[in-house]
Amino acid sequence: MLRDLFVKKKKYAAIPSEQVRKDVPDGVMTKCPKCKKIMYTKELLKNLKVCVNCGYHHPMNAWERLDSILDEGSFREYDKEMVSLNPLEFPGYEEKLENDRKKTKLNEAVVTGEGTIDDMLVVVAVMDSRFRMGSMGSVVGEKIARAVEKAYDLQVPFIIFTASGGARMQEGILSLMQMAKTSVALKKHSNAGGLFISVMTHPTTGGVSASFASLGDYNLAEPGALIGFAGRRVIEQTVREKLPEDFQTAEFLLEHGQLDAVVHRDDMRESLRKILEVHQGGGMAVWQS
């Protein structure tokens with residue numbers, strides 16, 4: 001009987017009330033979608049938005065990306081005021097564009113401009129998947145083509161960070177046309193001996209992966225990035241085969257010779273610096289007048 005008096009009580013975890021949960025401001029904590037670890041957002045930002053537990057690369061917005069690779073204060077933006085219209089009068093498209101402008105503080109899904117990496121001048125374009133899933137419409141294509149032409153004029157390398165769901169369906173054939181336009185601009189840059197570095201981040205799919213994203217002299221990618229044209233389910237239904245678990249990942253593409261390297265975000269700036277150093281003088285072997 002005495003033994004019954006000293007039975008250990010079961011331990012219960014205290015579940016915070018809804019009011020306590022509400023007292024935690026939004027954005028203070030971030031949950032990793034891969035390992036489910038919850039961490040302070042400010043610590044995640046200090047680590048370039050890479051999970052300290054599992055190494056998952058969280059998406060970066062355009063400005064975070066530029067800050068991580070360019071010399072401080074060196075960036076000068078191109079074509080900032082360029083915005084998309086609704087040439088096909090697609091229902092609801094203008095409202096969606098306006099909502100994304102307010103949400104992201106961007107006018108379109110790509111930011112272009114020039115800056116330096118270890119004092120070496122480059123022209124850079126960074127796609128931002130928060131704006132229409134980084135889809136490529138007429139303005140995205142035009143901004144990228146103009147940036148490539150600027151690199152050609154300045155005789156400096158062109159670097160792009162891609163993150164896109166592909167061509168923008170609301171612009172129909174006008175969006176598909178950007179695949180050819182950007183590719184032609186890059187061909188001109190290449191013919192003159194210009195250096196082009198493409199860095200594919202998660203996700204790079206559809207018409208973007210099938211055009212300028214895959215045309216680099218160096219094709220790099222971040223770990224775990226989804227890279228491909230059609231979706232996994234569509235391919236499986238077409239070929240009637242089960243695809244490997246790592247199909248369309250950066251690591252799978254590297255193993256099959258479609259990438260030059262998979263580069264951790266911590267090492268990205270230094271990797272770019274080394275490539276640029278090898279191609280000093282802008283990588284321009286022979287310039288055509």
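Cβ from N, Cα, C; glycine included.
According to Swiss-Prot, the feature zinc finger maps to residues 32-54, out of the candidate ranges 32-54, 147-169. Excluding the listed site residues Cys32, Cys35, Cys51, Cys54, the same chain places Pro33, Lys34, Lys36, Lys37, Val52, Asn53, Gly55, Tyr56 with Cβ atoms within 8 Å of the centre of the Zn(2+) site Cβ atoms.
Across the zinc finger (32-54), DSSP assigns 6 helix, 4 strand, 13 coil. If you take the C-beta of Cys35 (Zn(2+) binding site) and look for same-chain residues 6 or more apart in sequence within under 8 angstroms, you find Cys51, Asn53, Cys54, Tyr56.
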